[in-house]
Amino acid sequence: MGVLGRRVSVSVEGERANYVNTPHIIAMVGLPARGKTYIAKKLSRYLNWIGINTRVFNLGEYRRQATSAYRNHDFFRLDNREAMAIRNKCAQDALDDVSNWIESGGEVAVFDATNTTRERRRLIYEWVVRKLGYKLFFVESICDDPNIVEQNIMEVKVHSPDYQGMNNEEALKDFLQRICHYETQYETMDEDKESIFSFMKIFNTGEKILVHKHEGHIQSRIVYYLMNIHITPRTIYLTRHGETEFNQGGRIGGDSDLSNRGRSYAKALSQYIKEQNIPSLRVWTSWLKRTIQTASGIDAPQERWKALNEIDAGTCEEMTYEEIADKFPEEFASRDQSKFSYRYPRGESYEDLVARLEPVIMELERQENVLVVGHQAVIRCLLAYFLDKPSDELPYLQVPLHTVIKLTPVAYGCRVEYVKIPIEAVDTHRPKPRIPGYLDDKFRRNPSNAPNSAAHSGTSSPEPDREFFDTKDSSLSEDSTDLSIEPLKISN
């Protein structure tokens, strides 16, 4: 019994690396239906995932709270003084909330509004930079493709609370009139007339990017991220490798071969992917044998990513949870207390893994249809990014074996589908214990509970079961927080 490595006690606030010395305000710019909210929410999700405390302040939500009901586009007329006073008051309220949130520990606030005039942007600059001493970065979205604009209106705007009870045709007509009111005063950002501002301009959802005077690490990361995203319809498929011999023995890490059931899953996965007839599919695996073996039968271009290797358990590699708990109880309990930030001795933490996976996320954002064959901790990190899960939930997301997770980006989130391939596998998920260091009986070795690798030959291509989740805005609803999918049991 002993302690393997040095542990550092940290506060909740100190669990993530501190990238932000000076708070940042990101101010969106652009006409309605140009994807500003899409960009704002996606950027917030990314920054939170890498450990930067970020929040979106949407001016439209303030306006809806301040008015009893939206009537029509006349509210946005320049000569509607009463409405203009309400809109200005809402903008000031939102900026006050931004300031209060930053003072309470926020790091990056995204001010999601049109900000279409130079005068409005000057006022924001005076308030953010001159008065508060924060950094300010404008992100303008410009789109002159009428097909993209109309698609955005029909997918998002006509379903907003403003148009509740109105048919789509009437909503579209009213929203186009609203855009016309903004166009009469719209002034795009100008490198000469607004030379002191830091900003980037995104043309037609990434067709062209212009960056002017960006400052520092945070703005550089924002620019790089926004240069990689696109709106082309696609689906990302995530799956763990098939069950391994180590999984059957309850061992973590290592480079084990697939079990008989794992090989059956590899065949069934190949058949499932073939039946989906996915255009231009690319397959990514780690460098470890179990993912390569799982993907071996899939007829699609394949890439091996070392960054997709499973979390490094260091000195605890190839041990069972029971062995770790018995030999190093303090380490085992310490990991339960702060699983995200805990680093295995001579190994990695989940926080390290997120940093390692950032290039994978960037490339995923650039790609179209991709199947990632990965590992439990790796898939958890990727899921947390796409589902906007906080770091304390990330290490406990359930990623069962022999399950394909389909992620389809929609307006402000992802549509999530869990496809269970009915080939039995062990359950490797260990939920957060109420008492740190407590180990459930299922992780203690008992010959009578040993998995039977011959339970199912898996030579056929069974019809998968499906479960659906829809995410709106930036996360799953509270009712869908538990993503548990029990492996389908198959009798002998």
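All positions are counted from 1 along the displayed chain.
Glycine too: its Cβ is placed from the backbone N, Cα and C atoms.
Secondary structure from DSSP puts R290 (substrate binding site) in a helix. Contacts of R290 (substrate binding site) defined by a Cβ separation under 8 A and a same-chain sequence distance of 6+ are given as H241, G242, T244, D255, S256, D257, L258, G262, in order along the sequence. Feature annotation from TrEMBL assigns substrate binding site to R240, H241, G242, E243, T244, E245, F246, N247, R290.
Sequence annotations record features per position, and here TrEMBL assigns compositional bias 'Polar residues' to 446-462.
Per TrEMBL, compositional bias 'Basic and acidic residues' is recorded for 463-475.
Marked as domain '6-phosphofructo-2-kinase' by TrEMBL: 20-233.
F246 (substrate binding site) carries a helical DSSP state (H, G or I).
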